[in-house]
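Taken from Swiss-Prot, the feature domain 'MTTase N-terminal' covers 2-119. Here Swiss-Prot flags 11, 48, 82 as [4Fe-4S] cluster 1 binding site, drawing on sequence analysis. Here Swiss-Prot flags 147-379 as domain 'Radical SAM core'. Positions annotated as [4Fe-4S] cluster 2 binding site by Swiss-Prot: 161, 165, 168. The domain 'TRAM' annotation in Swiss-Prot covers 382-444 and rests on sequence analysis.
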């Protein structure tokens, strides 16, 4: 039996893509996933270019795999994802032993690319197979039906981003925004529900820009998609990520009132609490607009958990800009954040800006942001002690007599119960809260 090993860096979209890669190659070549790279026949690296040192991580991993290839000349090594899309030729220059290079939009072509390597044209030397083109949404037309044994699943509803924020590489590596047809998404959710999935997380780089074509020629927005997906038998909870504030519409806010299955958690990145920095980032909105949207949402869902991304030390960020960010963190009471020190992404507009914030200052500011939000996380978790929370039971916990699930606001929750409860939403009386974790007792 031929084996496939996939190493995934980056976001949920990459995780989704890696799952699809496994499905595609199992369907076409009978490759079976393994957790042991040394035993695999095909090694694939699905890369992310969002953060600094993406290339270094890539070549460090490839260096390890080269040792395996030195021992087994038939081993096939492939690189996909956003770094592959951005740096395809460079990868071959530095790692000529790589056999396949593919982009986020061409993973569906992996079977033919693999065949090119496995069965080269007679009389021709074996050459690497490269395809980092942007065939828009075509990849979704050539994927096998989804398969999963989990009660949660990601569903990609769109690709790319057209915002061109000055710091972001995504439009250059995944292309412009392209939405999947409405019925295709709904059918995928239906198939997953039949397989036992109870929670779907709708994915997109800018998911609330979704504009799915319906059979009648009309366009469905994210709010309508959520509404219809919630009506599918078996689906008990819906999430979506990642959103952009400029397209967090009133119809989407109303969905929190109309769709009880829509989880009380929103990841809405703002990146900075300074209007000046938001302008330099070309985010397209001001802080007051962001706060207004959150205020409207909390009128409908007072207990909703809000998380964000923050870029610390963006070029031009002075002390007042940073204090504005800290003020916003206090005012919103962010539950969680993905916070990073700014690093220039080659090819973006911001890479031409003078990076004028001292690294020690960046580190100090990042530490303060993380400390403040960690305190918020702890405070919210402790405030949940004594409450009854609806938990989607996902699996058996490491302690075998315990089950594991998550609250609507993404708290990992452990409690004693029978594994027959997996896939159900149960009521749990919370007895302990620490960090992002809760402990509780099952209410019969």
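Glycine residues also receive a Cβ, built from the backbone N, Cα and C atoms like all the rest.
Shown here: features listed in Swiss-Prot, placed on the structure.
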residue : record                          : Cβ contacts under 8 Å, 6 or more apart
11      : [4Fe-4S] cluster 1 binding site : 48, 50, 242
161     : [4Fe-4S] cluster 2 binding site : 168, 170, 171, 174, 176, 177, 205, 206, 209
165     : [4Fe-4S] cluster 2 binding site : 271, 281, 282, 283
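According to DSSP, residue 165 ([4Fe-4S] cluster 2 binding site) is assigned to coil rather than to any helix or strand. The binding-site residues examined here are 48, 82, 168; by Cβ neighbour count within 10 Å, the least packed of them is 48.
Residue 82 ([4Fe-4S] cluster 1 binding site) falls within a helical segment according to DSSP. Same-chain residues with CB within 8 A of the center of the 161, 165, 168 CB atoms, the [4Fe-4S] cluster 2 site residues themselves not counted, are 163, 164, 167, 169, 170, 171, 205, 206. For the domain 'MTTase N-terminal' (2-119), the DSSP counts in helix, strand and coil order read 64 helix, 23 strand, 31 coil.
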